[in-house]
Amino acid sequence: MRFRSFFFSSSIFSLSHSRSPSLSSSRFSSLSAAMSPALEKSRQGNGGCNDDSKSKVTVVGSGNWGSVAAKLIASNALKLPSFHDEVRMWVFEEVLPNGEKLNDVINKTNENVKYLPGIKLGRNVVADPDLENAVKDANMLVFVTPHQFMDGICKKLDGKITGDVEAISLVKGMEVKKEGPCMISSLISKQLGINCCVLMGANIANEIAVEKFSEATVGYRGSREIADTWVQLFSTPYFMVTPVHDVEGVELCGTLKNVVAIAAGFVDGLEMGNNTKAAIMRIGLREMKALSKLLFPSVKDSTFFESCGVADVITTCLGGRNRRVAEAFAKSRGKRSFDELEAEMLQGQKLQGVSTAREVYEVLKHCGWLEMFPLFSTVHQICTGRLQPEAIVQYRENKL
């Protein structure tokens, strides 16, 4: 595994930001008043670039992982002279039980009290419920929402993104279209006409939020320069990011591992033991690699040994939300639906593994590959009630 210090960072299918110069004086004053002396000192120290030449970042999404991403980026934006201090974060407008709007509470308390309680995001994070306004003038877009919302978000932003804009997707999942599967980075690139990298890895958001050491992988195509910029923007002493020239491989790892985590949750719910769980994880990783290479022959073997690969499978199968909800599903012997369990256990967060399992199943069925991927096929059939949870080990592995 390669370690790169933050301080030295420099197929068969096609598959929110900185303060604008025109920002109202009242909003500017409000933000400035909230800033700490350290922030003011940092701004003075970044005098080498004028505001117009600095990169402006918007985080599109404000859930658990989106809030953590904003925290990471906000801390670095203050230190890096080429980035504007303010980081905008698009917040889907919702009203909290006390009647206050979530975005207002975030701006008042500097904390996402619903999805990341107890963690300060940084005084330079500004929540904005208006998607178009949040991305206005931004030239660095970070997409981090449930994958099922991405098509609608891209349609809203179509024609609104202008100039030299770069994007990165932290979204795990895919869209299944008539012509085949479409990765989220491809969806962003095609609908918005911009380059899109990806960031995936063994990243449980709450652990990164409290600054426990973690790794991640940035997948890029084309020039290494933009990948290094994203590495610089995300890296901290406790969050180590490595660039890999393999967008599809990195993104498919982040997508498919959630299906494996659902399988691991079934094993835990049925108390089948660690040996069985290890076997499921191995088979799952093997099917991840095989499917990735069938969809994109250019996917590199080495990608599966990065944080986005085997490390993410291990982390997600041990502690992720997909594993946890699947465990509860298996304990109920399928009598409680995933929708019911998601609402009860995740409190507004979205479960990715079940919808991804369905999408993967559709691809396998369309291509005639169901028998080649028995674990992926079985997970979907258990999720939909066609099979009982015990079926997770009642098949013969296909030697791909």
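Each Cβ is built from the backbone N, Cα and C atoms, and glycine gets one as well.
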- Besides Gly61, Ser62, Gly63, Asn64, Trp65, Gly66, Phe92, Phe149, Lys172, Arg321, Lys350, Gln352, which of Ala205, Ala209, Ala391 does Swiss-Prot list for that NAD(+) site? Ala205
- Same-chain residues at least 6 apart in sequence whose Cβ lies under 8 Å from Lys257 (active site, proton acceptor): Lys172, Gly284, Met288, Asp312, Val313, Thr316
- Could you check the binding-site residues Gly61, Gly63 and say which one's CB has the most other CB atoms within 10 Å? Gly61
- Item | Entries of Gly61, Gly63, Trp65, Phe92, Gln352 which, being binding-site residues, have CA atoms within 10 angstroms of Asn322 (substrate binding site) | Gln352
- Among the binding-site residues Lys172, Arg321, which residue has the largest number of other Cβ atoms within 10 Å of its own Cβ? Lys172
- Query: Rounded to a whole angstrom, what is the largest C-alpha distance between any two of the residues Gly61, Ser62, Gly63, Asn64, Trp65, Gly66, Phe92, Phe149, Lys172, Ala205, Arg321, Lys350, Gln352 that the record assigns to NAD(+)?
  - Reply: 21
